[in-house]
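Trainee: To start, I am sharing the structure in question, which I have written as C-alpha coordinates.
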Amino acid sequence: MLPRHHEPIAAIATAPGRGAVGIVRVSGRGLTALATALVGRPLRPRVASYGPFLDRQGGAIDRGLALHFPAPHSYTGEDVLELQAHGGPVVLQLLLARCLEAAGEIGTDGRPRLPGLRLAQPGEFTERAYLNDKLDLAQAEAVADLIDASTEAAARSAARSLSGDFSRQITHLRDGLIELRALVEATLDFPEEEIDFLQRADAHGRLARLAERLAGLLDTARQGALLREGLRVVIAGQPNAGKSSLLNALAGAELAIVTPIPGTTRDKISETIQIEGVPVHVIDTAGLRSDEQAGDEVERIGISRSWQAIAEADAVLLLHDLTREHEPAYSAADTAIAQRLPADVGLIHVHNKADAAPEQAARVAARLAARQAGDAAGVVLSARTHDGIDALRAALLARAGWHAAPEGVFIARERHVRALRAAATHVTAAQGWAEQSDSALDLLAEELRSAHDALAEITGSYSSDDLLGDIFGRFCIGK
(Lines of atoms letter the chains of each structure in order from A and count residues from 1; the text may use other names and numbers.)
(Lines give C-alpha, C1' and ligand atoms only; values in the text may rest on other atoms or scores of the structure.)
Protein backbone atom coordinates (compact mmCIF):
# COMPACT_ATOMS: atom_id res chain seq x y z
CA MET A 1 0.00 0.00 0.00
CA LEU A 2 1.27 3.45 -0.92
CA PRO A 3 1.84 6.07 1.79
CA ARG A 4 -1.05 8.54 1.92
CA HIS A 5 0.96 11.36 0.34
CA HIS A 6 1.89 9.11 -2.59
CA GLU A 7 -1.64 7.93 -3.36
CA PRO A 8 -3.11 9.38 -6.59
CA ILE A 9 -5.83 11.96 -5.94
CA ALA A 10 -8.63 13.58 -7.92
CA ALA A 11 -11.05 16.46 -7.35
CA ILE A 12 -13.11 19.15 -9.01
CA ALA A 13 -10.76 22.14 -8.91
CA THR A 14 -13.27 24.89 -9.67
CA ALA A 15 -15.74 26.43 -7.25
CA PRO A 16 -19.15 24.77 -6.76
CA GLY A 17 -22.01 26.04 -8.90
CA ARG A 18 -22.63 26.71 -12.57
CA GLY A 19 -20.05 28.31 -14.82
CA ALA A 20 -18.71 28.44 -18.34
CA VAL A 21 -15.77 26.17 -17.54
CA GLY A 22 -15.11 23.60 -14.84
CA ILE A 23 -11.91 21.67 -14.16
CA VAL A 24 -11.31 18.16 -12.87
CA ARG A 25 -7.75 17.64 -11.66
CA VAL A 26 -5.87 14.37 -11.09
CA SER A 27 -2.39 14.08 -9.56
CA GLY A 28 -0.28 10.96 -9.13
CA ARG A 29 2.43 8.85 -10.68
CA GLY A 30 1.90 7.43 -14.15
CA LEU A 31 -1.28 8.98 -15.53
CA THR A 32 -0.74 8.05 -19.18
CA ALA A 33 -3.05 5.00 -19.18
CA LEU A 34 -5.80 6.89 -17.34
CA ALA A 35 -5.57 9.87 -19.70
CA THR A 36 -5.78 7.61 -22.74
CA ALA A 37 -8.89 5.88 -21.37
CA LEU A 38 -10.61 9.22 -20.72
CA VAL A 39 -9.90 10.92 -24.05
CA GLY A 40 -9.34 7.91 -26.33
CA ARG A 41 -5.84 8.88 -27.46
CA PRO A 42 -2.39 9.62 -26.04
CA LEU A 43 -1.83 13.20 -24.89
CA ARG A 44 1.24 15.24 -25.77
CA PRO A 45 2.86 16.72 -22.66
CA ARG A 46 1.87 20.32 -21.88
CA VAL A 47 -0.25 20.64 -25.06
CA ALA A 48 -3.99 21.31 -24.85
CA SER A 49 -6.00 18.69 -26.71
CA TYR A 50 -9.67 19.23 -27.60
CA GLY A 51 -12.08 16.35 -27.90
CA PRO A 52 -14.67 14.19 -26.11
CA PHE A 53 -14.36 12.83 -22.58
CA LEU A 54 -15.43 9.20 -22.81
CA ASP A 55 -17.53 7.04 -20.53
CA ARG A 56 -16.96 3.30 -20.09
CA GLN A 57 -18.90 2.43 -23.26
CA GLY A 58 -17.04 5.03 -25.34
CA GLY A 59 -19.87 7.58 -25.31
CA ALA A 60 -19.15 11.26 -24.77
CA ILE A 61 -19.74 12.70 -21.28
CA ASP A 62 -18.76 16.14 -22.59
CA ARG A 63 -16.25 17.78 -24.91
CA GLY A 64 -13.41 19.98 -23.74
CA LEU A 65 -9.67 20.41 -23.28
CA ALA A 66 -7.34 17.83 -21.74
CA LEU A 67 -3.83 18.70 -20.55
CA HIS A 68 -1.13 16.38 -19.24
CA PHE A 69 1.74 17.82 -17.18
CA PRO A 70 4.37 15.12 -16.56
CA ALA A 71 6.39 15.21 -13.33
CA PRO A 72 8.25 17.15 -12.11
CA HIS A 73 7.09 20.08 -14.24
CA SER A 74 3.62 20.45 -12.73
CA TYR A 75 1.89 22.24 -9.87
CA THR A 76 2.20 19.27 -7.49
CA GLY A 77 5.53 17.95 -8.75
CA GLU A 78 3.75 14.72 -9.78
CA ASP A 79 2.07 13.82 -13.06
CA VAL A 80 -1.02 16.03 -13.34
CA LEU A 81 -4.03 15.63 -15.63
CA GLU A 82 -6.51 18.49 -16.04
CA LEU A 83 -9.84 18.05 -17.81
CA GLN A 84 -11.53 21.34 -18.69
CA ALA A 85 -15.21 20.74 -19.36
CA HIS A 86 -18.39 22.83 -19.26
CA GLY A 87 -18.96 24.11 -15.75
CA GLY A 88 -22.21 22.39 -14.83
CA PRO A 89 -22.07 20.54 -11.49
CA VAL A 90 -23.64 17.36 -12.92
CA VAL A 91 -21.17 17.21 -15.81
CA LEU A 92 -18.21 17.68 -13.48
CA GLN A 93 -19.45 15.06 -11.04
CA LEU A 94 -19.89 12.59 -13.92
CA LEU A 95 -16.38 13.35 -15.15
CA LEU A 96 -14.89 12.95 -11.67
CA ALA A 97 -16.75 9.67 -11.17
CA ARG A 98 -15.46 8.45 -14.53
CA CYS A 99 -11.86 9.24 -13.47
CA LEU A 100 -12.27 7.11 -10.35
CA GLU A 101 -13.96 4.33 -12.32
CA ALA A 102 -11.38 4.26 -15.13
CA ALA A 103 -8.50 4.22 -12.64
CA GLY A 104 -9.65 0.85 -11.33
CA GLU A 105 -10.29 -0.72 -14.73
CA ILE A 106 -7.78 -3.20 -16.12
CA GLY A 107 -5.64 -1.68 -18.84
CA THR A 108 -3.97 -3.27 -21.85
CA ASP A 109 -1.05 -4.36 -19.67
CA GLY A 110 -3.33 -6.44 -17.46
CA ARG A 111 -3.10 -4.09 -14.47
CA PRO A 112 -5.36 -1.34 -13.09
CA ARG A 113 -4.74 1.92 -14.89
CA LEU A 114 -4.17 3.96 -11.71
CA PRO A 115 -4.61 1.84 -8.57
CA GLY A 116 -5.57 3.63 -5.37
CA LEU A 117 -6.98 6.79 -6.96
CA ARG A 118 -9.14 8.55 -4.37
CA LEU A 119 -10.86 11.88 -3.76
CA ALA A 120 -8.50 14.61 -2.60
CA GLN A 121 -8.77 16.21 0.81
CA PRO A 122 -8.95 20.03 1.14
CA GLY A 123 -5.62 21.56 0.18
CA GLU A 124 -4.05 18.24 -0.75
CA PHE A 125 -2.83 19.32 -4.20
CA THR A 126 -0.97 22.25 -2.63
CA GLU A 127 0.27 19.96 0.14
CA ARG A 128 1.78 17.73 -2.55
CA ALA A 129 3.44 20.81 -4.05
CA TYR A 130 4.96 21.58 -0.64
CA LEU A 131 6.07 17.98 -0.01
CA ASN A 132 7.65 17.82 -3.47
CA ASP A 133 9.55 21.11 -2.96
CA LYS A 134 7.55 23.05 -5.52
CA LEU A 135 6.52 25.56 -2.83
CA ASP A 136 7.68 26.26 0.69
CA LEU A 137 5.15 26.56 3.50
CA ALA A 138 4.84 30.35 3.34
CA GLN A 139 4.21 30.16 -0.41
CA ALA A 140 1.65 27.39 0.07
CA GLU A 141 -0.23 29.55 2.57
CA ALA A 142 -0.08 32.42 0.09
CA VAL A 143 -2.06 30.30 -2.40
CA ALA A 144 -5.00 30.18 0.02
CA ASP A 145 -4.55 33.85 0.91
CA LEU A 146 -4.63 34.85 -2.76
CA ILE A 147 -7.88 32.93 -3.21
CA ASP A 148 -9.39 34.48 -0.07
CA ALA A 149 -8.13 38.05 -0.64
CA SER A 150 -10.90 40.59 -0.09
CA THR A 151 -9.06 43.65 -1.42
CA GLU A 152 -6.75 44.39 -4.34
CA ALA A 153 -3.91 45.23 -1.95
CA ALA A 154 -4.32 41.89 -0.16
CA ALA A 155 -4.35 40.02 -3.48
CA ARG A 156 -1.18 41.74 -4.71
CA SER A 157 0.55 41.14 -1.37
CA ALA A 158 -0.41 37.45 -1.49
CA ALA A 159 0.99 37.24 -5.02
CA ARG A 160 4.29 38.67 -3.76
CA SER A 161 4.42 36.01 -1.04
CA LEU A 162 3.56 33.32 -3.58
CA SER A 163 6.42 34.48 -5.80
CA GLY A 164 8.80 33.93 -2.87
CA ASP A 165 9.53 37.50 -1.70
CA PHE A 166 8.80 36.71 1.96
CA SER A 167 10.59 33.36 1.85
CA ARG A 168 13.75 34.86 0.35
CA GLN A 169 14.01 37.36 3.18
CA ILE A 170 13.54 34.57 5.73
CA THR A 171 16.19 32.45 4.02
CA HIS A 172 18.63 35.38 4.01
CA LEU A 173 18.17 35.82 7.77
CA ARG A 174 18.53 32.09 8.41
CA ASP A 175 21.76 31.99 6.41
CA GLY A 176 23.14 34.83 8.52
CA LEU A 177 22.26 33.00 11.72
CA ILE A 178 23.83 29.76 10.47
CA GLU A 179 27.04 31.51 9.50
CA LEU A 180 27.34 33.26 12.85
CA ARG A 181 26.51 30.10 14.77
CA ALA A 182 29.25 28.26 12.84
CA LEU A 183 31.76 30.84 14.05
CA VAL A 184 30.58 30.42 17.64
CA GLU A 185 30.86 26.64 17.36
CA ALA A 186 34.37 27.00 15.90
CA THR A 187 35.43 29.09 18.88
CA LEU A 188 33.96 26.46 21.24
CA ASP A 189 35.52 23.51 19.39
CA PHE A 190 39.02 24.98 19.07
CA PRO A 191 39.68 26.90 22.29
CA GLU A 192 43.42 26.23 22.03
CA GLU A 193 43.68 28.21 18.79
CA GLU A 194 44.91 31.75 19.14
CA ILE A 195 42.22 32.97 16.79
CA ASP A 196 39.19 34.82 18.08
CA PHE A 197 36.70 33.78 15.41
CA LEU A 198 33.97 36.01 16.80
CA GLN A 199 36.11 39.13 17.02
CA ARG A 200 37.50 38.57 13.55
CA ALA A 201 33.97 38.07 12.17
CA ASP A 202 32.55 41.16 13.94
CA ALA A 203 29.99 39.08 15.84
CA HIS A 204 28.55 42.11 17.64
CA GLY A 205 28.04 43.98 14.39
CA ARG A 206 26.48 40.94 12.74
CA LEU A 207 24.06 40.45 15.60
CA ALA A 208 23.08 44.12 15.49
CA ARG A 209 22.42 43.92 11.76
CA LEU A 210 20.42 40.70 12.18
CA ALA A 211 18.34 42.33 14.92
CA GLU A 212 17.72 45.38 12.72
CA ARG A 213 16.65 43.28 9.73
CA LEU A 214 14.41 41.14 11.92
CA ALA A 215 12.72 44.23 13.35
CA GLY A 216 12.04 45.55 9.86
CA LEU A 217 10.70 42.20 8.65
CA LEU A 218 8.51 41.86 11.73
CA ASP A 219 7.01 45.29 11.10
CA THR A 220 6.30 44.40 7.46
CA ALA A 221 4.77 41.08 8.53
CA ARG A 222 2.42 42.92 10.90
CA GLN A 223 1.30 45.04 7.96
CA GLY A 224 0.76 41.90 5.88
CA ALA A 225 -1.22 40.24 8.65
CA LEU A 226 -3.44 43.32 8.84
CA LEU A 227 -4.06 43.11 5.09
CA ARG A 228 -5.01 39.46 5.44
CA GLU A 229 -7.10 39.55 8.60
CA GLY A 230 -8.48 43.07 8.35
CA LEU A 231 -9.54 45.25 11.25
CA ARG A 232 -12.68 44.57 13.29
CA VAL A 233 -14.16 47.92 14.33
CA VAL A 234 -17.23 48.44 16.51
CA ILE A 235 -19.18 51.70 16.54
CA ALA A 236 -20.47 52.19 20.09
CA GLY A 237 -22.12 54.88 22.14
CA GLN A 238 -25.36 56.05 23.67
CA PRO A 239 -28.62 55.97 21.69
CA ASN A 240 -28.94 58.64 19.00
CA ALA A 241 -25.25 59.56 19.04
CA GLY A 242 -25.19 58.96 15.28
CA LYS A 243 -23.75 55.44 15.11
CA SER A 244 -25.88 54.28 12.18
CA SER A 245 -25.22 57.54 10.33
CA LEU A 246 -21.49 56.97 10.82
CA LEU A 247 -21.73 53.42 9.44
CA ASN A 248 -23.53 54.78 6.39
CA ALA A 249 -20.92 57.51 5.95
CA LEU A 250 -18.01 55.07 6.17
CA ALA A 251 -19.67 52.58 3.83
CA GLY A 252 -20.87 55.21 1.36
CA ALA A 253 -24.32 53.59 1.32
CA GLU A 254 -27.55 53.68 3.30
CA LEU A 255 -27.10 50.40 5.15
CA ALA A 256 -28.69 51.26 8.48
CA ILE A 257 -32.01 52.93 9.24
CA VAL A 258 -31.53 56.40 10.72
CA THR A 259 -34.30 58.06 12.78
CA PRO A 260 -34.40 60.48 15.72
CA ILE A 261 -36.08 57.76 17.80
CA PRO A 262 -33.73 56.32 20.48
CA GLY A 263 -33.19 52.57 20.17
CA THR A 264 -33.83 52.35 16.42
CA THR A 265 -30.92 49.92 16.03
CA ARG A 266 -31.83 46.74 17.92
CA ASP A 267 -29.12 44.40 16.64
CA LYS A 268 -25.65 44.75 15.19
CA ILE A 269 -25.23 45.57 11.50
CA SER A 270 -21.89 44.90 9.80
CA GLU A 271 -20.23 45.95 6.57
CA THR A 272 -16.71 45.46 5.22
CA ILE A 273 -15.08 48.53 3.71
CA GLN A 274 -11.60 49.26 2.39
CA ILE A 275 -9.28 51.94 3.69
CA GLU A 276 -6.07 52.17 1.64
CA GLY A 277 -6.54 48.52 0.71
CA VAL A 278 -6.96 47.35 4.31
CA PRO A 279 -10.22 45.44 4.91
CA VAL A 280 -12.12 47.04 7.79
CA HIS A 281 -15.10 45.15 9.19
CA VAL A 282 -17.34 47.86 10.67
CA ILE A 283 -20.10 46.87 13.09
CA ASP A 284 -22.91 49.22 14.10
CA THR A 285 -24.39 48.30 17.47
CA ALA A 286 -27.44 49.07 19.57
CA GLY A 287 -27.18 52.20 21.72
CA LEU A 288 -25.63 51.51 25.13
CA ARG A 289 -27.63 52.31 28.23
CA SER A 290 -28.63 50.61 31.47
CA ASP A 291 -31.22 47.82 31.65
CA GLU A 292 -33.51 50.21 33.53
CA GLN A 293 -33.37 52.72 30.66
CA ALA A 294 -33.88 50.11 27.93
CA GLY A 295 -37.34 50.24 26.41
CA ASP A 296 -38.01 46.50 26.30
CA GLU A 297 -36.46 43.04 26.37
CA VAL A 298 -35.52 43.21 22.68
CA GLU A 299 -33.44 46.34 23.28
CA ARG A 300 -31.79 44.74 26.33
CA ILE A 301 -30.75 41.76 24.20
CA GLY A 302 -29.38 44.16 21.57
CA ILE A 303 -27.34 45.99 24.21
CA SER A 304 -25.93 42.69 25.47
CA ARG A 305 -24.87 41.80 21.94
CA SER A 306 -23.25 45.22 21.60
CA TRP A 307 -20.99 44.51 24.57
CA GLN A 308 -20.18 41.08 23.15
CA ALA A 309 -19.14 42.68 19.85
CA ILE A 310 -17.00 45.20 21.73
CA ALA A 311 -15.22 42.37 23.56
CA GLU A 312 -14.24 40.85 20.20
CA ALA A 313 -13.21 44.12 18.52
CA ASP A 314 -9.76 45.34 17.51
CA ALA A 315 -10.91 48.95 17.79
CA VAL A 316 -13.91 50.83 19.14
CA LEU A 317 -15.26 54.11 17.80
CA LEU A 318 -16.92 55.61 20.87
CA LEU A 319 -19.40 58.22 19.66
CA HIS A 320 -20.15 61.38 21.63
CA ASP A 321 -23.01 63.71 20.71
CA LEU A 322 -21.55 67.24 20.57
CA THR A 323 -25.01 68.73 21.06
CA ARG A 324 -25.29 67.00 24.47
CA GLU A 325 -21.72 66.72 25.75
CA HIS A 326 -22.28 69.74 28.00
CA GLU A 327 -24.99 67.85 29.92
CA PRO A 328 -23.49 66.36 33.12
CA ALA A 329 -25.64 63.22 33.04
CA TYR A 330 -24.88 62.58 29.38
CA SER A 331 -21.15 63.16 29.87
CA ALA A 332 -21.14 60.87 32.91
CA ALA A 333 -22.79 58.10 30.89
CA ASP A 334 -20.14 58.45 28.17
CA THR A 335 -17.41 58.20 30.81
CA ALA A 336 -19.01 55.08 32.27
CA ILE A 337 -19.07 53.43 28.84
CA ALA A 338 -15.41 54.30 28.23
CA GLN A 339 -14.39 52.86 31.59
CA ARG A 340 -16.14 49.58 30.83
CA LEU A 341 -14.31 49.05 27.52
CA PRO A 342 -11.58 46.37 27.42
CA ALA A 343 -8.22 47.79 28.43
CA ASP A 344 -6.45 46.47 25.33
CA VAL A 345 -8.95 47.66 22.71
CA GLY A 346 -7.93 50.43 20.32
CA LEU A 347 -10.12 53.35 21.39
CA ILE A 348 -10.96 56.36 19.23
CA HIS A 349 -13.29 59.03 20.64
CA VAL A 350 -15.54 60.28 17.83
CA HIS A 351 -17.26 63.59 18.54
CA ASN A 352 -20.20 63.67 16.14
CA LYS A 353 -22.71 66.28 14.94
CA ALA A 354 -20.13 69.03 14.45
CA ASP A 355 -22.49 70.67 11.96
CA ALA A 356 -25.17 71.06 14.67
CA ALA A 357 -22.81 72.36 17.39
CA PRO A 358 -19.96 74.25 15.68
CA GLU A 359 -18.78 76.13 18.79
CA GLN A 360 -18.59 72.98 20.91
CA ALA A 361 -16.89 71.22 18.00
CA ALA A 362 -14.21 73.93 17.88
CA ARG A 363 -13.56 73.63 21.63
CA VAL A 364 -13.25 69.85 21.44
CA ALA A 365 -10.99 70.06 18.39
CA ALA A 366 -8.67 72.45 20.25
CA ARG A 367 -8.59 70.09 23.23
CA LEU A 368 -7.77 67.12 21.00
CA ALA A 369 -4.97 69.06 19.29
CA ALA A 370 -3.34 69.62 22.68
CA ARG A 371 -3.65 66.01 23.88
CA GLN A 372 -0.59 64.31 25.30
CA ALA A 373 1.17 61.25 23.94
CA GLY A 374 -0.57 58.13 25.18
CA ASP A 375 -4.01 59.73 25.29
CA ALA A 376 -6.77 58.01 23.31
CA ALA A 377 -7.15 59.32 19.77
CA GLY A 378 -10.05 61.62 18.99
CA VAL A 379 -11.79 62.99 15.92
CA VAL A 380 -14.40 65.71 15.45
CA LEU A 381 -16.75 65.09 12.53
CA SER A 382 -20.22 65.22 11.11
CA ALA A 383 -21.60 61.89 9.96
CA ARG A 384 -24.40 63.79 8.22
CA THR A 385 -22.19 66.05 6.07
CA HIS A 386 -19.19 63.65 6.01
CA ASP A 387 -16.84 66.42 7.21
CA GLY A 388 -14.03 64.73 9.17
CA ILE A 389 -14.64 61.21 7.79
CA ASP A 390 -11.23 61.15 6.07
CA ALA A 391 -9.59 62.10 9.37
CA LEU A 392 -11.40 59.20 11.03
CA ARG A 393 -10.18 56.78 8.36
CA ALA A 394 -6.61 57.95 8.93
CA ALA A 395 -7.01 57.62 12.70
CA LEU A 396 -8.30 54.05 12.29
CA LEU A 397 -5.28 53.01 10.23
CA ALA A 398 -2.91 54.70 12.66
CA ARG A 399 -4.57 52.95 15.61
CA ALA A 400 -4.14 49.62 13.81
CA GLY A 401 -0.45 50.33 13.21
CA TRP A 402 -0.76 50.61 9.43
CA HIS A 403 1.88 52.82 7.89
CA ALA A 404 3.20 50.93 4.86
CA ALA A 405 2.48 51.43 1.20
CA PRO A 406 0.65 48.28 0.04
CA GLU A 407 3.10 47.91 -2.87
CA GLY A 408 5.89 46.92 -0.45
CA VAL A 409 3.96 44.49 1.73
CA PHE A 410 3.80 40.71 1.47
CA ILE A 411 0.89 38.77 2.94
CA ALA A 412 1.54 37.27 6.37
CA ARG A 413 -0.28 35.33 9.04
CA GLU A 414 -0.36 35.59 12.79
CA ARG A 415 1.85 32.51 13.09
CA HIS A 416 4.48 34.28 10.96
CA VAL A 417 4.35 37.29 13.27
CA ARG A 418 4.73 35.04 16.33
CA ALA A 419 7.70 33.23 14.78
CA LEU A 420 9.44 36.48 13.83
CA ARG A 421 8.81 37.87 17.30
CA ALA A 422 10.31 34.73 18.86
CA ALA A 423 13.35 34.93 16.57
CA ALA A 424 13.85 38.59 17.49
CA THR A 425 13.68 37.70 21.20
CA HIS A 426 16.35 35.02 20.76
CA VAL A 427 18.63 37.37 18.81
CA THR A 428 18.28 39.99 21.54
CA ALA A 429 19.22 37.35 24.12
CA ALA A 430 22.18 36.35 21.94
CA GLN A 431 23.37 39.96 21.94
CA GLY A 432 23.33 39.87 25.73
CA TRP A 433 25.37 36.66 25.90
CA ALA A 434 27.83 38.03 23.33
CA GLU A 435 28.68 40.78 25.82
CA GLN A 436 29.67 38.17 28.41
CA SER A 437 32.91 36.25 28.71
CA ASP A 438 33.78 33.21 26.61
CA SER A 439 32.03 31.03 29.20
CA ALA A 440 28.69 32.17 27.74
CA LEU A 441 29.44 31.07 24.18
CA ASP A 442 27.41 27.87 24.51
CA LEU A 443 24.39 29.95 25.55
CA LEU A 444 25.01 32.30 22.64
CA ALA A 445 25.05 29.34 20.25
CA GLU A 446 21.80 28.00 21.73
CA GLU A 447 20.02 31.33 21.24
CA LEU A 448 21.18 31.46 17.63
CA ARG A 449 19.88 27.92 17.09
CA SER A 450 16.51 28.84 18.62
CA ALA A 451 16.25 31.95 16.44
CA HIS A 452 17.02 29.85 13.36
CA ASP A 453 14.41 27.23 14.28
CA ALA A 454 11.75 29.92 14.77
CA LEU A 455 12.39 31.25 11.27
CA ALA A 456 12.46 27.73 9.82
CA GLU A 457 8.88 27.21 11.00
CA ILE A 458 7.74 29.98 8.65
CA THR A 459 8.97 28.34 5.45
CA GLY A 460 8.39 24.80 6.67
CA SER A 461 12.02 23.72 6.89
CA TYR A 462 11.03 22.63 10.38
CA SER A 463 7.32 21.94 10.92
CA SER A 464 5.20 19.58 12.96
CA ASP A 465 2.59 17.34 11.35
CA ASP A 466 -0.10 19.10 13.39
CA LEU A 467 0.90 22.46 11.91
CA LEU A 468 0.78 21.11 8.35
CA GLY A 469 -2.62 19.54 8.94
CA ASP A 470 -4.02 22.80 10.28
CA ILE A 471 -2.66 24.85 7.37
CA PHE A 472 -3.71 22.63 4.46
CA GLY A 473 -7.01 21.67 6.08
CA ARG A 474 -8.18 25.27 5.59
CA PHE A 475 -7.85 25.09 1.79
CA CYS A 476 -10.70 24.38 -0.59
CA ILE A 477 -10.98 20.92 -2.14
CA GLY A 478 -9.18 20.74 -5.48
CA LYS A 479 -6.41 23.19 -4.57
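Sequential numbering from 1, following the chain as shown.
Placement of Cβ uses the backbone N, Cα and C atoms for every residue, glycine included.
Positions annotated as (6S)-5-formyl-5,6,7,8-tetrahydrofolate binding site by Swiss-Prot, on the basis of sequence analysis: Arg25, Glu82, Lys134, Lys479. Taken from Swiss-Prot, the feature GTP binding site applies to 240-245, 259-265, 284-287, 352-355, 382-384. The K(+) binding site annotation in Swiss-Prot covers Asn240, Thr259, Ile261, Thr264, and the record cites sequence analysis as its basis. Here Swiss-Prot flags Ser244, Thr265 as Mg(2+) binding site, drawing on sequence analysis. The domain 'TrmE-type G' annotation in Swiss-Prot covers 230-401.
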Trainee: Using a 10 Å cut-off on Cβ-Cβ distances across all protein chains shown, tell me which of the binding-site residues (Lys243, Lys353) has the largest neighbour count.
Mentor: Lys243
Trainee: What does the structure give for the C-alpha distance between Ser382 (GTP binding site) and Lys134 ((6S)-5-formyl-5,6,7,8-tetrahydrofolate binding site)? Integer Å is fine.
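Mentor: A Cα-Cα distance of 53 Å.
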Trainee: Counting all other Cβ atoms within 10 Å across every protein chain shown, which of the binding-site residues Arg25, Lys134 scores highest?
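Mentor: Answer by Cβ density within 10 Å: Arg25.
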Trainee: Other than its own, how many Cβ atoms are within 10 Å of the Cβ belonging to Ser244 (Mg(2+) binding site)?
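Mentor: Within a 10 Å radius of the Cβ of Ser244 (Mg(2+) binding site) lie 23 other Cβ atoms.
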Trainee: Express the distance between the Cα positions of Ser244 (Mg(2+) binding site) and Ala286 (GTP binding site) as a whole number of Å.
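Mentor: That comes out at 9 Å between the alpha carbons.
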Trainee: What's the CA to CA span in angstrom from Asn240 (GTP binding site) over to Arg25 ((6S)-5-formyl-5,6,7,8-tetrahydrofolate binding site)?
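Mentor: So the alpha carbons of Asn240 (GTP binding site) and Arg25 ((6S)-5-formyl-5,6,7,8-tetrahydrofolate binding site) sit roughly 55 Å from each other.
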Trainee: Taking just the CA atoms, what is the gap between Lys243 (GTP binding site) and Arg25 ((6S)-5-formyl-5,6,7,8-tetrahydrofolate binding site) in Å?
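Mentor: For Lys243 (GTP binding site) versus Arg25 ((6S)-5-formyl-5,6,7,8-tetrahydrofolate binding site), the Cα atoms are 49 Å apart.
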Trainee: Measure from the Cβ of Glu82 ((6S)-5-formyl-5,6,7,8-tetrahydrofolate binding site) and count the other Cβ atoms within 10 Å, all protein chains considered.
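Mentor: Its Cβ shell of radius 10 Å holds 19 other Cβ atoms.
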Trainee: Take the C-alpha atoms of Lys134 ((6S)-5-formyl-5,6,7,8-tetrahydrofolate binding site) and Ala286 (GTP binding site) and report the distance between them in angstrom, rounded.
Mentor: 50
